[in-house]
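Notes follow the structure.
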């Protein structure tokens, strides 16, 4: 099973990404000591670990870019100050000492930032190495333990996405998998999401500024949507002159690429916030903030190479896709079927029905498959159970059979064997 590149930033098929190379290395190492059947299972498992490596790698790159921009800005300011002092023909001794003291203080600040940046980069590099080592440790001997750790990683991912950060942190700490999960990355997103839910665009705009080049490269219009929402807020507050100034400064640069949306929003200056026209009324509704939250989550996942859905949902859907049949949605669906529960039905809703070439009969009593080795038998009331279950019941009750669903009592000799064609 090949995994197609994710649409939210997984790289090209033509090039071999560091994540793919790492997974391939782990597979190669494991192949030397792993039986073929378990090797196949292990290989397929490692192919699903794209996000596991991609997220810390992207975080590492972001840390390097941030540190580089900070140092470049500070060094440029120091050089500019030195140049100004050097070009000054008339400067007193006191002024020179003051300028040098200021430069020394600034250089010490740069040194401190370099040390902090280096520490942050080392932490990110160590996390990438820890995950590579974790993949490399997977083999047939510890596959059960390795899968148990994976399950905990998936649960932490789900808790982090659902904003249960304390629970996620406690599970990670108790399992000693802090370096294998991305709680800190999701906490970064939480600040923006909380701001948008409080109808504040400041944290989101700051996030856009930090990731401006990458958002521009992906042709994202998230910042434009934020600016539109801020403009709508000014119109709602009837601060029209400020809204016009805001549009000239922040919205006009987007006119070349998003003219129709811009024209629609600018029309609110004329129709005002109390309009009943559906086309413009929707712009003032609170659900626009929910739309921005959803859009931010998509952009955030795309930047870090994450799946849009929680990993837990994806794995559950993979299993449910093999179980989903039209019978699962009938009122008399057996309670042993996971799809008899509303939560699983909702999760399986977008999935296709599994392709079943032959019907399978499962005994109501033993929950075992009824086949030629354990054929079904029919009671006088029409209910069917496996031979194994009915024999055990007859041996315990002097040849008598009691139907567990209707209470009918009959002799074992009254049963009729059913044939599966």
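Yeah, the Cβs are placed from backbone N, Cα and C, and that goes for glycine too.
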TrEMBL annotation of region 'Disordered' - which of the ranges 1-20, 21-40 it falls on: 1-20
Per-state residue totals over the domain 'RING-Gid-type' (333-406) - DSSP helix, strand, coil: 20 helix, 13 strand, 41 coil
Residue counts in helix (H, G, I), strand (E, B) and coil for the domain 'CTLH' (185-242), per DSSP? 46 helix, 0 strand, 12 coil
